[in-house]
Amino acid sequence: MRPILLGIFAAFFFASSFILNRSMELSGGSWIWSASLRYFFMIPFLLVIVLYRKNLSTLLHEMRKQPIAWLLWSTIGFGIFYAPLCLAAAYSPGWLIAGTWQITIISGSLLAPFFYEKIETSSGIQTIKGKVPFKGLSMSFIILLGILLMQIEQAKQISIKELCFGLILVIIASFAYPLGNRKMMEVCEERLDVYQRVLGMTLASLPFWLILSLYGLLTEGGPSLTQTSQSLMVAICSGVIATVLFFHATDLVNGNMQKLAAVEATQSMEVLFTVLGELIWLNTAFPSLFSWIGMFLIIIGMILHSYISSKSKMTA
């Protein structure tokens, strides 16, 4: 239950990213700066935490042992995840992106065969190849139905081409985030705490953000003061608080793919938090009835997914 609660709290702070990214897009800010500034601002906060805990030398030692793995999976888990998500804000309101983002529940489950999980047997702890949790996954199609309803409503306002492009961007992000996160858990093998891992992944993804920032500087110019300040808010709320909470929750269930999928499913709560935030913060139009039905289908799908996953574990 504790990992689930941590996941819900993480969803609350993650929602700030969807709201503020949309705010920056509406005010004329470039998605490039919305993405890269978040990770630049995360570094000093995480560095202070890790230094205070006297764990920096251990982190640097671990990163030197497997630099290519750190660079690759951090770039995928942070760079290929967040850059497309920011670009998608140019095509859809934040609540729609947050809703569509919940396809990560399905994406995360489909990635299970690429990892190994630990099970306790009479002869001791054994490591076996992960299996797609089909029982929990069947509940995820309720989430897909909810996403479809929301996308149908959005199709009335933008072209099919824009709708598909925004959807593809979110799908790419939905695979990149759990893939990078899980691979880094394998690399670390519980030798690092959550603060060290997030800082390490942020540092290792810096080449990606520096290249993207250089491109932005040459094509879009520098960010405005407003975009810079809002990116700082995203860095604190979503980049530091939410990421640490979520990674801590995944650490608690590391080695159990079903429970890990359930923790990832809690991110469905981002939908409600985002729509409420946009109504209050951005004064956006009230979502239509179809959109509300879609959102609640997503939440119901998340609850059923978590329930089936935990029940399957108890009967295993």
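Keep in mind that glycine also has a Cβ here, set from the backbone N, Cα and C atoms.
Marked as transmembrane segment by TrEMBL: 31-52, 68-90, 96-116, 136-152, 158-177, 198-218, 230-249, 261-283, 289-308.
Remark: the transmembrane segment (96-116) contacts the transmembrane segment (289-308), by the rule of 3 or more CB pairs under 8 A. Here the transmembrane segment (198-218) has long-range neighbours at 30, 32-33, 35-36, 39-40, 42-43, 46-47, 49-50, 59, 62-63, 67, 70-71, 73-75, 77-79, 83, 180, 184, 192, 240, 243-244, 247, meaning same-chain residues at least 6 beyond its ends whose C-beta is under 8 angstroms from one of its own. Where the transmembrane segment (136-152) meets the stretches 31-52, 158-177, 230-249, 261-283, 289-308, the count of C-beta pairs under 8 angstroms peaks at 289-308.
Proximity of distant same-chain residues to the transmembrane segment (289-308), defined by a Cβ-Cβ separation under 8 Å and at least 6 residues beyond the stretch ends, is recorded for 4, 95-96, 99, 102, 105, 135-143, 145-150, 152-153, 261-262, 265-266, 268-269, 271-272, 275.
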